[in-house]
Each structure stands twice: as structure tokens, then as C-alpha cells.
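Residues or ranges marked as region 'Disordered' in TrEMBL: 1-23. The compositional bias 'Basic and acidic residues' annotation in TrEMBL covers 1-16. Summarising the annotation, TrEMBL assigns domain 'C2' to 22-142, 181-305, 346-472. Annotated transmembrane segment per TrEMBL: 572-589, 601-634, 717-746, in sequence order.
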């Protein structure tokens, strides 16, 4: 397979004219400053009064038509009303205006031909300009005229002004760009929107014991377990070892629950009467609103819950409460954990669920979505290839969706969004999609919005207060190989409110304390993450307009853990890249031993002799050397944020058979049953190995990033630490340092803290090359 030219996939720095102002250094000189200004003519149609009757009965079904050249927008119509109120806004892009007169006409809706009631004409040269934060323009009454310019009965309240996309009326207005879109549902589906992920909790169900159970068959020892159901999540305890009517389990079941709590937790105690036959002994339903909430590791009191016996009476279920049968449990919503709903490598939020435990924000992230270039045609409409593109950005709980630009391979959005930042070691994800739900869309729900590509930006790799304006390639892997679908032009700025607070974050644990005091198992986390992504996907798809399931899953990287030969090779090469430095040191040392360069070998002998005679110089020399390397590498620090790297991902030269395997269904579509079983087992095991190999590579890359200035704040902290350590170790006797180090490493467990140490927290926050993985 021929490899595409590498320059096609490169990141390009640009110099757009942002905000209508000029860039001064790294700062801009106006508000709404991360996007290019777009001029619009706004027409707000408020209401009308004293309209004359037109029908035989003297009634009127009025609506307003706003016409500017070839573009025509209409309000909804009212049945038999002479004083209607519309309060609708129309926006005409100045770039597409080809007329000098704006015509606003009131018409009477009719079955055959709509009757003319009256109109008012505006000269575009006389229309005032409005720049926020100026107050909105007050609407005025205008007397209607006939086609000859004579005054007629009826008045229309309007406001007409020239403005930009920063205007408050912009998001909800009718756009001339979308003049070809029909239907109210379709219009709502193309407007920009902000969505919030549901607030997620971990629900811990600690099943302790049951008392006085009444099994159906009393002639045998019951084999009892407890089954818990919350929505579409179902878990069960093991079968109790004590085969009595008072069984014990003391087992934890973990669920993901989302506010508002709509469904109760349903528990059933079941008896395994045969290998494939279970009998329900009793049930109880517990609303989540009344369950205790825990913020730390302190225990919650347990409670007894009465079980209800379900009896079938003439084919119908009848509840019979048995006060004798009870279930002893400890239920609570965990507020001290962060509910993981996205890939751990690309987390955008690490705060605990409980708001009381949140720390103050450390800064603000501003994103300007400017435009896209050279987008690929995504569908065919009227025998013509077209693309209706929109963007989705996700950071923390806030999702934003731009408006859809109709039928354009070079759409211009110029929309700006802001997020609060609580941790710099987080990632914002921006995806571009093709809207397949115009003109009412597919009513059956079969249409899916197509992915055009996405971009990830790690905040810690951005310099504070600098405006990054880059054009990012949109890369998507297809069964035929990697393909560039176009480029997206973004402006990004990370503003820090307190540099000291942000530097302090590098010594803090990445996740909330509960993850370290009472850690969840890897299998639990995998299962809970799957449930969390399903809940977020379902809730956002129920919004209006919906943020569809395929969009949410693509943004959250659902399915990225699946086995792929290409990813495994990429992770292997990442490890080899990390080990390459050690191999180079080994080769260099071998050259020293073999006297390939006699002068260097003599100098090494002298240095070795000095360090042996004065061992206290070893550590300060190493730290001073690292400090000098860090300062030396500052000249070549990366000036651009990371982006998708096709070579690192092994996407540019993947074998067709490997891609066929990666895009194969899971379970595999291979026909023989035995091959399917073995193949799926291999993929499952290899997927875990792939993750472990990737994690090993991540640790090595974090070591490399200490001095690479990929995270400028982390490298500056480490370089300063090296300098201070070098000075302190120069003046402190080596024996004292060695003694203190030994005593610290061998300290008693009583003096150890359960939370990770500051150096370990610092190391875990360092960026790896996972951000560049496709």
C-alpha cells in the first residue's frame, strides 16, 4: 500500500485576524477575541397590531416574510388573529448580501395564494450597528405600506441592526445560511447548543446477610444469592456458603447512578433450585433519593429492609409483605470518587462527584472554532456530493455543539466557548461531524451522523496566556487505511488565575483521595466505565435537539480498548523508542571501554577517580548535569501543541490484513465456531497485553518529558528542583544524605501515608505521547 505524503498530516500554524483586532504579542485587543468577526444583518419581528381582515369572514391568518435579495425567511402564522406576537429573529450573513433594500412583508395565509397585507422597506445604508456589550436595540412601530408606498391600516413592531456572531440573538436566530433547511425539527437540529453531562454517582450496595427466609421447597438446604438491578445494570452476589434460612454474604456490588434518579434499585433474593432454574424468595425496591451519601471513607450505618413475597394469583402478580423475611444491607452513594466516563488517557475532568469536595478553579480555557478547509464529501444529495459539517467540543461536564453549516467543504463557524479549568493535566476533545438529520432527517432513527475526524489538546502542554492558532489535520482510520478528511482551524488559550495554585496541583494526587484509600479493582473500573458511558450517551441522546449516541461514543473513545494489531505494534515501537536512549548509553559506554576515542576515555577515567575519592559529589553532579541538560533543551522546546501522528500510530503503513482484523466485528465474523472462540479469546488477551505495553511506554515517556518542555510548568519545576538539590547536596555531607535516605525508605508503616507521595503525584501528571496516538 502506497504511503501518503507525510506533510499532508502536519500541523500548521496560522495568523488569522481574530476578533476584528490585532494580535499584540501573545494577547489580543478585544473581547470575543478568539474568532474572526462575522457581520450579520439582524431583523427581530416582534408583533403587529390593527391588521385588516382579508378573508370573506373578515378574519386574518397573518405571518411575516423577511426578504433580502434571494434569501427569504418566514415566521409562523396565527389562525384568525389581528394582533399576533411572533418575537422571531432573522440573521442574514453580510458576505452573501446582494441587495440594497430589506423588505418586511405581512401576508395572510391562504390555501391557494397568500394575500398581501402590507410591507415596510429598509435601506441597508441606514441600518444602525450594534456591538456588545451595548444594550439590545429597542424595537419600534412601523406603519405598513402598500406596493405603491401609500400608508395602509396596521402596524408592525421591528428591530433591525447590523451586528456580529457575538450578539445574544445569534444562537436562536434563523440563518440565511440554512435557507434550504425545512421543518422546525431540522432547524433546531442545526443550531449551536450547550449540553451538560448528567451528574454521575457510584452506588455501593454492601449485601451483608438475610434473615428468616422462606424457601419454596423446605425439604432441602437453600442455595441463596442476591440479585440487584438498577436500570439496565444487573449484578449478583455469589451463592452463600451457609446453606440456611439466615445466609451471609458481606459482598459489595457497585453501580453507576445518574441524577435525577429516575429508577429505583430493585433487589431480589433468589434460590437456585436447579442448575438453570432460580426461584425468587423475596424482593424490595429502594428509591435512590432516600439513600445516604458518603463523602469520605467513614462507615455508614447498615439497615434492615423488609422483603416482599411475589405470589401468582390467576396469572397476575400480587405482593404479599412478609415482615419475617429481611435483608441486611449498607447502601450509600459514593461522593468521594470521580466517576470515570471517558478514556483515562484523555480525561477532561478528575473532580469527585460531591460538590463539597471540589477545589477552586485554577484557570479558564477558551476555544475559538474558526473554520474547516478541504473537507471530504460525506454524502450525495440531488446527484451532488455535499457535506453539512458541525463541531462538538467536550471538556469536563460541558459539551458544546456549533451550528451546522449547510453544503460547504470550507465551513466558517467562528464560535467561541469557555470552560473553567480545575486541573491542567486534562484533555479537551474537538470532533467534526456531518449532519445527516436535515429536512426532518430519518424518522426511523436509522440515519447516523458521520465522523469527519477529531483533535485532542492536553492543557498542560499549552503555555499560559498564549493564543495558539493552528490548523489541525482531521485523520480517520478506514478499512483501506488512514485518510485525511480535511483540516480544522482552532484558536486556543489557557489562562491561569494563580500560577502558585497551578504549580501546587503537580504535587496533588491525580484522582480524589477515595481512589487510593479504597481503590476499585481494574475489572470493576472497566465495567463501571462502560455503564457510565452508556448512561451519558443515553441522556444526551434524549436532549432536544439530541446529541446522538454515535457522537458521544466517538468523543468518549468507546471501544478503544479492543484488540488491534496496529495499536500493539505502535505501543511496541513506543517502548523501543524509550529504550533507545538506554541502548545508546550502552553503546557509548562500550565505546569508552574499547578506547574508540582516547581523549574521552581519559576524561571519564579522571571523572571516575574523582567520584570514587569524593563520593559526596556523585548526586549533586548528576542533578547539576540534569539541570544543564534541561536548560540546554529549552532552546528546542516544542512551540506547537501535540496532534495526531500517523507514523507513531503505525497507521500510514498498516497492512491491509491488519486493518481488516481491526475493523472486524467483535465477536469475529469468521464462520467456524471453534475459530471464533479461539480468535475472540486471543483478541481479548492481546487487548490486555496491549494496554499493559502501552502503560509501560507511558511511564517511560513521562520520564522523557521531565526535560523536554512538553509541559513547560512541570519541566520548570523539575529543573528548579535539580538546581536546589544540587546546591543542597553540595553543602550537605554525603553520609548524612545516605543515612536520611535509608531511614526514610525503611521507615515504619505507621509513618507512611496511604496517599501517593508528592514526587509520585508529580510523575503521574507528566504528559506522555498518548495524546498523539490515533
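Heads up, the Cβ atoms here are built off N, Cα and C, so glycines get one too.
TrEMBL: automatically predicted annotations, no manual curation.
Taken through DSSP, the domain 'C2' (346-472) splits into 7 helix, 62 strand, 58 coil. Across the domain 'C2' (346-472), the prediction's mean pLDDT works out to 89. Across the domain 'C2' (181-305), DSSP classifies residues as 8 helix, 64 strand, 53 coil.
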